[in-house]
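J.: One structure is given below, represented as structure tokens, and several questions about it will come after.
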Amino acid sequence: MGALNVLVGVCLIYVAFLFFVAFAAERAAIRGRGGWLRNPLIYTLSLSIYCTAWTFYGAVGYAARSGLEYLTIYIGPTLVVVGWWWVLRKLVRIGRTQRITSIADLISSRYGKSNTLAVGVTILAVVGTTPYIALQLQSVTVSFDVFSESYGETLTRSGQDSNALWVACGLALFTIVFGTRNLDANERHHGVVMAIAVEAIVKLFALLAVGVFVVWGVADGLGDIYARIDASEIGQWQMRGDRWATLIFLSGAAFLCLPRMFQVMVIENEEEDHLRTASWAFPLYLMVMSLFVVPIAVVGLGTLPAGSDPDFFVLTVPLAQGNETLAMLSFLGGFSSATSMVIVAALALSTMVSNHIVMPIWLSTQSGGASVSGDVRHVVLLARRISIGGVVFLGYLYFRLSGGGTSLASIGLISFAGVAQFLPVLLGGIFWRGATRTGALVGLTVGFVIWAYTLLLPSFGTGTLIGEDVLIEGPFGWGWLRPEAFFGITGMDPLVHAIFWSILLNTVSFFIASLVGFPSPLERLQGAQFVNVYEHSTTPQSWSGNLAQSEDLMVMAQRIMGARVAQGLFEREAKRQGVSGLLPEPSPDFLQVLERELAGSVGAATAHAMIGQIVGGASVSVEDLMAVADETAQMMEYSSRLEAKSEEQARTARQLRQANEKLTQISEQKDSFLSQVSHELRTPMTSIRAFSEILRDSDRLSEAEKVKYSSIIHDEAIRLTRLLDDLLDLSVLENGQVSLNEQTGVLAEVLDHALASALTGNTQVSLQIKRDKARERVTLNTDLDRLSQVFINLIGNAQKYCDAELPALRIDVRRDSEKLVVDFIDNGSGISKADQAVIFEKFSRTGELRVSGAGLGLAICREIMTRLDGTVDYLPGQGGAAFRVVLPIQMAMAAQ
Amino acid sequence: MIDTIRFLPVIGAILWSVPLLWPTQEEAEASAVKAISSSDAIIYIFLVWFGLVVFGAWCAYRMKQSNALEEDKGR
Amino acid sequence: MGRSVLVIEDEPNIIEAISFILSRDGWSVATHSNGHDAFGVVQDTMPDLVILDVMLPGKTGYDILREIRGAEGTQALPVLMLTAKGQVKDREIAERAGASRFMTKPFSNAEVLDAVRELVAG
């Protein structure tokens, strides 16, 4: 009993150690020091829950019975992980972007968030996993048994049961403590993962130690082992090809579909990049795990008495050799395998059970529905804890009821085949957009019915659940429906037969039902999301949900209407609402406008739904809408390409029309120009003629009157001359006949000169000039006379039109890498918006004050600046009238 | 590089389907061909395995290198 | 028979010239130089004749003429239109709007004087 007590003590210490590891990992993660927790190797090790007690103990037994067949169980996952780029990467990406919580969630989410599917998958997963959990409990108790037997103490059946109960309770407690600390699917269970990683090392180390002991301790090294292998019962290749291929396929499929594998692989994945490391490290792990299986089996077969259970060779070989320490280590390895599997399976199943079964039921009993506040979190956690207890207890119950018989041993592969039924629906969901909910339901149902009929029921033994006559004659005597020989095809291995037909018919019915049916809009949304997950999420960052609704609407609208149109719409609406910036409040008015605009692109119903989803309580997430928006954009692009051809013809017609319009316009412009020139010439001539006739015809004029009238004639004559000069100047500039006289000079001097000419002889208005001469020290290389002409004009305008009491003109000079900017800003009342549009037109004059000048000044300025490769524009919003002259920098060289 | 990673599982699957061609014990006895001994089979399967691990690790390393390179270029 | 004339014109020199010519002939001359309230001034002063320029700041001469013709009291008021735009089209518009006489700038002083006398005598 003493040694047994030591074993119990070691176990307890080991469990305490696991608790400590998990606790420390959680603490580190909370304190943000969990950098080492995000190690890809930890991720790789956590994947090793694939190796359960069934593989730890069972592999040797398997090898002892069936030779190398056990390898298929490891080769399948190896191929899947090595091919991570195909499937795993996509699964992980989808899991992260869609906030998937389990494989049931993934499948239901993909097929239109169908809860029927989720419930179905959950139940099937529980059915498939419960025997497996029972198997783990059994392995722990039996291995304990093996120890006690070796000390001559045979445990009673009730002793075994109580052992199993204790183990089950401990595992449930561990899972509850570390598995349900928080709710968020994006929060990883650092404690659980860390504990699993530690257990992974323990079991690997234990198996290696036993292996090394067997090869170099019991046998005489490698050569001896080879000889022993070839001499043993399993010494020759006896693998049937169909079984080999089928089992590799089956284990690969199960690796993807097992709820616990999905949990560690997808849900607990920290970074997509970890897959890269796992892609080679996990196959390495599996390889090392299976390396010594055959030697142990062969040595066990050779040294132990006939009839001893090969499933526990890992324990019994060291015990028989008297190496108790090694046996204890081996026991811990098996214990680790069993516990880690149960913990993760319970965690994964409880998530599914609570999310898809318990919560919907609870919510439906609550009158408030899902909108009830805060306490839901608490309920979810409670549901999850109860589910964990329930799942583990179910496993225990199965263990008790099945009597721990040998039928458990074969349950591993049957369980694999069960969950493998998820594979067509899973892969179809992530690679084929046409897959529908109906197809998934039909496929899963067909697959599971066939699996149960051909594999599960016969496994309980003939005559228990399925009668012998059915097995031999088929149901109702229909020979073609015999569970182990469909359509009369006999001679197939039962397992291969079951897997072949169930997966085949599953896939075919899934495919056909998908093709016949029609996906709902939500399914189509989710389908696009899943299949095109890489396009839809360049960063695996999911929507944070705290952005303003307007912004969401903006993003969506941009995807549908195009960025410019959407921004224009939003800006207009914001302005209408009097909101500064580009985002309007999501007022009912604005939403109506937006809906109408969107309806133009995607149709009214969709537009309504989309806005409803963003603004109202959404059951479809914003990302989904983005996906539709993307699709719509693509479709619109496609149809626009179809229209391109007819559009081209329309374009030609439009060009012709434009050319015609332009000719008409030019002709009209010429008429109006002539009419304006006529007006501008006739007005001064009227004065000249009238006063010259007065001077000629009246002899009673006073001397003062004569002087006054002759000076009017004189002034008007000068005005005529200037007008003619301007007209000629403009004509020359417009025809491009002007030759520029390039000189080099300093801006300050040009301005000095312009100010001097503009302000001389005009004493009645004193215009105050504000300049910053330091900034004007810019060397120019351009036609300085022309530039000066522009400046004179602008300064003259300020002088003439500035209506401030103390008129002032500020000249601002600024330069950047490309251009020199000179602003002329006065302090008057500025120019009205309507006039701003026309001041650069010929003969336009603003205001009611008639001041001398033909209205050609700014038109000439504009022409000059165009010739100098620059611009002159009205600068709105400066208080007074403001003009901006821009010169390209190559003409304005750097200051010395 | 991506293509190499994509084809790795295919290569593995092909190499591991070679045992399909081996005669089983009964077939071997029936046709008087020498059966493949388990030790040879083990050596073959584990060699393939080892090769996959090494090649996979090499691919993963190369991919990391090229990713780092692209990031460098991006900056 | 009254001898009052209202000159609506925006060029100060032309106003001065017309005022000089008419007042020398014994007319009493009032002037106004923008289009906005020109019609109001016509109604206030009720001259015997209006001399109306076409290009006025604020409102064109044609519009003012239509206002004059449209109102009771001023319907029959003689209006002499002056324009610097000497095109045929302008004359047509003026006649349709109801101008009593249409003259193109530059005009001779005698011409204006004759027209005024004729229209008022009318």
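Glycine is no exception: its Cβ is also placed from the backbone N, Cα and C atoms.
Okay, these came from TrEMBL:
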type	residues	note
COILED	A:642-676	coiled coil
DOMAIN	A:676-891	domain 'Histidine kinase'
TRANSMEM	A:6-29	transmembrane segment
TRANSMEM	A:41-64	transmembrane segment
TRANSMEM	A:70-88	transmembrane segment
TRANSMEM	A:116-135	transmembrane segment
TRANSMEM	A:163-180	transmembrane segment
TRANSMEM	A:192-216	transmembrane segment
TRANSMEM	A:244-262	transmembrane segment
TRANSMEM	A:282-306	transmembrane segment
TRANSMEM	A:326-349	transmembrane segment
TRANSMEM	A:382-399	transmembrane segment
TRANSMEM	A:411-432	transmembrane segment
TRANSMEM	A:498-518	transmembrane segment
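Looking at the shown structure, can you explain where the listed features end up?
T.: A Cβ distance under 8 Å defines the sequence-distant neighbours of the coiled coil (A:642-676), meaning residues of its chain 6+ beyond its ends; these are 842-843.
If you look at the transmembrane segment (A:6-29), the same-chain residues 6 or more away from its ends with a CB under 8 A from one of its CBs are 36-37, 144, 147, 170, 174, 177-178, 181, 188, 190-195, 198-199, 328, 331-332, 335, 339.
Through the fold, the transmembrane segment (A:41-64) approaches residues 70, 73-74, 77, 81, 132, 135-136, 139-140, 143, 193-194, 196-197, 200-201, 203-204, 207, 234, 255, 258, 260-261, 264-265, 268-270, 274, 277-278, 281-282, 285-286, 289-290, 293-294, 296-298, 300-301, 309-315, 333-334, 337-338, 340-341, 344, 409, 412 of its own chain, all at least 6 residues removed from its boundaries and within a Cβ separation under 8 Å.
With a cut-off of 8 Å between Cβ atoms, the residues of this chain six or more beyond the transmembrane segment (A:70-88) that come close are 47, 50, 55, 59, 62-63, 243-244, 247-256, 265, 275-276, 278-280, 282-283, 286-287, 289-290, 293, 427, 430.
A Cβ distance under 8 Å defines the sequence-distant neighbours of the transmembrane segment (A:116-135), meaning residues of its chain 6+ beyond its ends; these are 52-54, 103-105, 107-108, 258-260, 341-342, 345-346, 348-349, 352-353, 355-357, 391-392, 394-396, 398-399, 402, 408-409, 411-412, 414-415, 418-419, 421-422, 437, 440-441, 444-445, 448.
Remote same-chain partners of the transmembrane segment (A:192-216), defined as residues 6 or more beyond its termini with a Cβ less than 8 Å from a stretch Cβ, comprise 17-18, 21-22, 24-25, 37, 41-43, 45-46, 48-49, 51, 56, 174-175, 178-179, 222, 225, 264, 268, 285, 288-289, 291-293, 295-296, 299, 314, 317-318, 321, 323, 326, 329-330, 332-334, 336-337, 339-340, 343-344, 347.
Non-local neighbours of the transmembrane segment (A:244-262) in the same chain are 47, 49-50, 69, 72-77, 79-81, 87-88, 91, 102-104, 106, 125, 129, 341, 344-345, 347-349, 352, 413, 415-417, 419-423, 426, 493, 495-496, 499-500, 503; each lies 6+ residues outside the stretch with a CB under 8 Å from one of its CB atoms.
Non-local neighbours of the transmembrane segment (A:326-349) in the same chain are 6-7, 10-11, 14, 18, 48-49, 51-53, 55-57, 102-103, 122, 125-126, 129, 132-133, 136-137, 139-140, 143-144, 147, 167-168, 171-172, 174-175, 179, 189, 192, 195-196, 199-200, 202-207, 209-210, 213, 259-260, 262-264, 267, 314-315, 318-319, 387-388, 391-392, 395; each lies 6+ residues outside the stretch with a CB under 8 Å from one of its CB atoms.
Away from its own ends, the transmembrane segment (A:411-432) comes close to residues 54, 58, 87, 90-91, 94, 103, 106-107, 110-111, 121, 124-125, 127-129, 131-132, 134-135, 247, 250-251, 253-254, 256-259, 439-440, 443-444, 447-448, 451, 455-456, 459, 495, 498-499, 502-503, 506-507, 510-511, 514, 527, 530-531, 533 of its chain (Cβ-Cβ under 8 Å, at least six residues beyond either end).
For the transmembrane segment (A:498-518), same-chain residues at least 6 beyond its ends with a Cβ under 8 Å from one of its own Cβ atoms are 246, 249-250, 253, 417, 420-421, 423-425, 428, 432, 434-444, 446-448, 450-451, 454-455, 484, 486, 492.
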J.: Mean pLDDT across the coiled coil (A:642-676), rounded to an integer, is what?
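T.: Within the coiled coil (A:642-676), the model's average pLDDT equals 78.
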